[in-house]
Amino acid sequence: MDKQTYLPSVENDKINTTGHLQDSGLGTAPGPFWKTYFPRYTVKTSGPVFIEERPTVFHCLLMGVQHVLAMFGSTVIAPMLMGLDTNTALFFSGIGTLIFFCITGGRVPSYLGSSFGFIGVVASSTGYTYTPTAGPNPHIDVAAGGILICGLVLAAIGVIVLIAGHQWIEVIMPPVVTGTVVLTIGVHLSTSAFTSATQTSFDGWMAFTTIMIISLTSVYAPGAFRRLPILVGMVIGYLIHFACSRTGAAPEIDYTQVYNAKWFAAPTFVKPVFEAKAISTIVPVCVVLLAENLGHIKAVGAMAETSLDKYFGRAILGDAISTIVSSAGGGPGTTTYSENIGVMAVTKVFSTLIFLIAALIAVLLGFIQKFGAAINTIPSGVFGGLSIILFGLITVSGARIWVENGVDFKDSRNMLVAGIPVVIGASMQTTLKWGNFQLDGIGLPTFCCILLYQILRGTDNLKALYQKVKDRKNRRKQQDSVSELEEKQIE
């Protein structure tokens, strides 16, 4: 099966022989709806594995585990910094990914984890400051209420995109903007990765070792292992650190939390409480989620050699509903995860079936406290090296969006739109506040990039939007004409 059988480009909506649009952005395809909504995966055992393909069952399971490991650190760290329950966050990341898979019809490879965009605004609206001994946030319910409303606003945007098309979003956030947002995310997060990798000189050596193992595995390892470089690098790096700790060359790994953790325990659910201050502070994060979704759609589409633009509305809606469901139970807001995009960049496996497996694993692990405690024992040097690989690939994915879409950097406007936000994201490690409104090192560059582009482009954007709306109307008229002609022929 060709990897684009059911993925025709919406930008070139063509009239097929039945007089219907070949693709309306709702995932239509020849045949009954229930048979074509989800992909019919074909097995592929070598080379890049695209969206409607899959590896063998065994490799699917291993890759599902690899994606869980890739997202795990960030998915539990983000709620930890907000004072939320990490098992609850892990559980809802799996539920959210299942929701996203269903709404997008399994056409968009993505994992939904805890969003870092909410950390600053939740801390501000609840007055919570994380320390190792701080305990849970006493105002989780207030934070959950604000996040839930943010999800509802994002859902409304998703519905508008489904109805009106995604073109207007692309006028507001074209490739120069989305590429910059993705690149800025990678650059901003790289600071924490480097800090983790260099806490001690031994951590630095372990980070270097982990990076080299992952890099060499992804290029020179036999086919089976070449698809699992993140997992291989993490396991070997962990074993090397463990062996060094036995000889006294490295710090001992503390397994106290593993011993004390229960085997099985249900996630902690909290009912949301709605307060105006928290809502006004948290809701603006939906713009960050919107930009992240668009950037990730562009990045994955470029890597998978398949345009996913037509699924943008459903991707936003999937992320929004995931955020609503998560916050309704006291969990964090969710977003499509850059870490897992990094894994796809390394493995060249884009099968959405892998994310379905990863989601089911995450839901199960949300009930197993010892697993979370064990993952938290990964040495900082190993985790730092892994993070450098993943965030580096995210950064390059942003630049790839520029290249794939032919962004003209001879134009000084594009240079300013791209350069200023990247520098802000790279250097900003605090939260900027204007009353109740706050932005972190991802949110501020995102807003800056969008606003700067609109200001420097002036009326060009309005003309572009008008032309796209006009073209869409003309295509609809052509569709109606063909349908009327066929009806007359039938009569």
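Using N, Cα and C of the backbone, Cβ positions are placed for all residues, glycine too.
Feature annotations, courtesy of TrEMBL:
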- 88-104: transmembrane segment (TRANSMEM)
- 111-130: transmembrane segment (TRANSMEM)
- 142-164: transmembrane segment (TRANSMEM)
- 171-190: transmembrane segment (TRANSMEM)
- 202-221: transmembrane segment (TRANSMEM)
- 228-249: transmembrane segment (TRANSMEM)
- 349-368: transmembrane segment (TRANSMEM)
- 380-403: transmembrane segment (TRANSMEM)
- 439-456: transmembrane segment (TRANSMEM)
Quick one: do the transmembrane segment (228-249) and the transmembrane segment (380-403) reach 3+ CB pairs under 8 Å, ignoring pairs fewer than 6 apart in sequence? yes
Paired segments the transmembrane segment (88-104) and the transmembrane segment (349-368) in contact, 3+ CB pairs under 8 A: yes
For the transmembrane segment (439-456), the candidate among 111-130, 202-221, 380-403 having the most Cβ pairs under 8 Å is 111-130
Remote residues contacting the transmembrane segment (202-221) - C-beta distance under 8 A, at least 6 residues beyond either end: 196, 228-230, 232-234, 236-237, 240-241, 244, 249-251, 346-347, 379-382, 384-386, 388-389
What else in the chain is close to the transmembrane segment (380-403), if you only count residues 6 or more beyond its ends and a Cβ gap under 8 Å? 70, 73, 175-176, 178-187, 189-190, 192-200, 202-211, 214-215, 230, 233-234, 237-238, 241, 295, 298-299, 302-303, 338-339, 341-343, 345-346, 409, 418
